[in-house]
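**Student:** Supplied in structure tokens, the structure appears directly below.
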């Protein structure tokens with residue numbers, strides 16, 4: 001079983017010069033405003049670290065968290081950073097994904113060699129939105145051989161059973177599902193442990 005032994009806030013950055021040194025592998029969490037990034041991060045890490053903005057789309061800083069993961073079964077202990085990006089696409093503050101990510105954020109994603117995994121959160125109730133398609137295309141266009149992209153569907157518990165089943169069968173792979181705090185709705189949907197195992201596997205495939 002994987003346990004998060006430590007998780008704490010490092011810094012908020014609005015410029016590359018403000019970012020912490022690239023000393024360990026990192027995963028980036030990205031998604032539209034109100035997709036549930038803060039809830040996902042807090043559940044994943046077992047600690048209330050990520051804060052939701054009172055005004056969706058207002059935050060423009062990247063938040064860095066240091067985390068230590070332990071897999072006792074495999075005698076493994078590893079430290080990774082989690083980078084929480086500002087939510088994109090809120091209609092009142094942005095006209096396009098390109099504008100959202102120009103400058104600092106795009107430069108951060110393009111040049112930071114320590115980033116090994118992009119986790120794109122998608123609202124399960126609103127699939128195939130143009131802004132999510134654009135986000136996926138932009139991330140995949142800059143992926144290096146030592147990086148991976150993974151979709152994770154939030155708000156899964158808001159779907160009825162037929163909708164859940166269709167999503168599970170038809171969603172493009174690879175993907176994970178974040179149901180209500182990762183409580184398994186049935187044996188075929190992932191628990192928090194499965195999510196952690198999957199992310200750890202990606203992060204360890206190409207360590208820094």
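Glycine too: its Cβ is placed from the backbone N, Cα and C atoms.
Annotated GTP binding site per Swiss-Prot: 31-38, 57-61, 84-87, 154-157, 182-184, in sequence order. What Swiss-Prot lists as Mg(2+) binding site is 38, 59, and the listing cites sequence analysis. What Swiss-Prot records for 23-205 is domain 'EngB-type G'.
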**Student:** Could you find out if DSSP has residue 31 (GTP binding site) as helix, strand or coil?
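**Tutor:** Where residue 31 (GTP binding site) sits, the three-state DSSP reduction gives strand.
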**Student:** Sequence gap of 6 or more, Cβ distance under 8 Å: name the residues on the same chain that satisfy this around residue 155 (GTP binding site), in order along the sequence.
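**Tutor:** Same-chain residues close to residue 155 (GTP binding site) (Cβ under 8 Å, separated by 6 or more) are 35, 36, 123, 124, 125.
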**Student:** For the domain 'EngB-type G' (23-205), provide the mean pLDDT of the predicted model.
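**Tutor:** Its mean pLDDT is 81.
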**Student:** If you count CB neighbours within 10 Å, which one among the binding-site residues 31, 86 has the smallest count?
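**Tutor:** Selected from the binding-site residues 31, 86 on minimum Cβ neighbours within 10 Å: 86.
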**Student:** Between residue 31 (GTP binding site) and residue 38 (Mg(2+) binding site), find the distance joining the two CA atoms and give it rounded to the nearest Å.
**Tutor:** 11
**Student:** On the three-state reduction of DSSP, what should I expect for residue 38 (Mg(2+) binding site)?
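**Tutor:** SS state of residue 38 (Mg(2+) binding site) = helix.
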